[in-house]
Structures are given as structure tokens and as C-alpha cells.
Amino acid sequence: MGFTDKQEALVNSSWESFKQNLSGNSILFYTIILEKAPAAKGLFSFLKDTAGVEDSPKLQAHAEQVFGLVRDSAAQLRTKGEVVLGNATLGAIHVQRGVTDPHFVVVKEALLQTIKKASGNNWSEELNTAWEVAYDGLATAIKKAMT
């Protein structure tokens with residue numbers, strides 16, 4: 001079964017919830033990443049020279065980009081059944097930064113935890129699954145572009 005209209009709607013509505021507190025949700029997202037994989041701090045230029053996760057325009061922009069790409073992936077999965085990267089350099093950027101498979105797992109866990117918090121009472125297993133499938137589609141496309 002392909003990605004459904006309902007799954008896309010769940011991703012879109014929770015994306016809007018995420019954006020309502022972009023600063024707080026961005027900090028939460030990167031805090032979870034660094035709790036799970038402290039060495040990943042060096043992968044993010046905007047975190048390299050900081051003591052911890054500090055709010056900044058670059059941090060917010062990157063979080064918004066990651067979550068936005070997952071939202072866009074949901075739309076592609078529904079309409080095309082696969083994710084095609086709009087930015088051909090994403091694979092090369094991830095290779096250059098030294099991103100490996102375990103990093104994708106950590107980011108996925110952080111993304112799902114952040115969406116759960118951002119969604120509040122609207123969170124459900126169905127919403128979680130929609131984000132998980134959309135993220136997996138994006139991660140697969142990025143990994144393919146990394147080879």
C-alpha cells in the first residue's frame with residue numbers, strides 16, 4: 001500500500017504545529033541528536049563552536065529544512081511512490097560531512113520525538129508512522145545520492 005492522502009495530511013498538519021514553535025522545536029531536535037550521538041556535533045557547522053545547543057538562525061533554518069524535506073517527501077511518496085531529491089548536492093554534502101548510516105537512525109529518532117512533542121494532543125501512532133515512512137523515503141534518496 002502506498003502513502004495515503006490521510007498520511008500526507010497528518011504530516012502537513014503536524015508540520016504546521018512544528019513551525020509554530022520553530023525555535024523551541026529546533027533546540028529540542030538537536031538536543032536529542034547530541035544526547036544520542038555526542039560526536040555528531042561536529043557534523044553541524046552551526047554547533048561546532050558552541051558549548052551546547054544554542055538557538056541561532058542557522059540552527060532554525062537547518063531544522064526547518066530537514067522537517068520540510070520530510071514533509072515534501074510525504075507529498076512525493078503519495079503522488080510518485082518514491083522520493084526524488086530536488087537538491088542534487090544533498091548526497092555530496094552528507095558524504096563531505098562524514099554522515100553514515102547510524103546518523104540517519106539518530107536523526108530519525110530525534111525527528112519523531114520532536115514531532116510527538118510539537119503535535120501535543122494531536123499525536124498518534126498513525127501520525128508517527130506517516131512521519132517515519134516519509135523520513136525513510138528521504139533517507140533512502142539521500143543515501144542513494146551518496147553513492
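Don't overthink the numbers, they just go from 1 along the chain as shown.
Using the three backbone atoms N, Cα and C, a Cβ is placed for every residue, glycine included.
The annotation domain 'Globin' is assigned in Swiss-Prot to 2-147 on the grounds of sequence analysis. Taken from Swiss-Prot, the feature nitrated tyrosine covers Tyr30, Tyr135, and the record attributes it to similarity to another entry. For Ser45, His94, Arg97, the entry in Swiss-Prot reads heme b binding site. Annotation comment: Swiss-Prot describes Ser45 as phosphoserine. For His62, the entry in Swiss-Prot reads O2 binding site, with the evidence type similarity to another entry.
Take the Cα of Ser45 (heme b binding site) and measure to each of the recorded positions Tyr30, His62, Tyr135: the nearest one is His62. DSSP assigns Ser45 (heme b binding site) to coil in the three-state reduction, outside any helix or strand. A gap of 15 Å separates the Cα atoms of Tyr135 (nitrated tyrosine) and His62 (O2 binding site).
Farthest C-alpha pair in the heme b-binding residues Ser45, His94, Arg97: 12 Å apart. Take the CB of Arg97 (heme b binding site) and look out to 10 A: across all protein chains shown you find 14 other CB atoms.
If you compare Cα positions, Tyr30 (nitrated tyrosine) sits closest to His62 out of the binding-site residues His62, His94, Arg97. Other than the site residues Ser45, His94, Arg97, same-chain residues with C-beta atoms no more than 8 angstroms from the centre of those residues' C-beta atoms, the heme b site, are Leu43, Phe44, Ile93, Gln96, Gly98, Val99. The CA atom of Arg97 (heme b binding site) is located 14 Å away from the CA atom of His62 (O2 binding site). His62 (O2 binding site) sits 13 Å from His94 (heme b binding site), counting Cα to Cα. If you draw a 10 Å sphere around the CB of Ser45 (heme b binding site), it holds 10 other CB atoms from the protein chains shown. For the domain 'Globin' (2-147), the DSSP-based tally of helix, strand and coil residues reads 113 helix, 0 strand, 33 coil.
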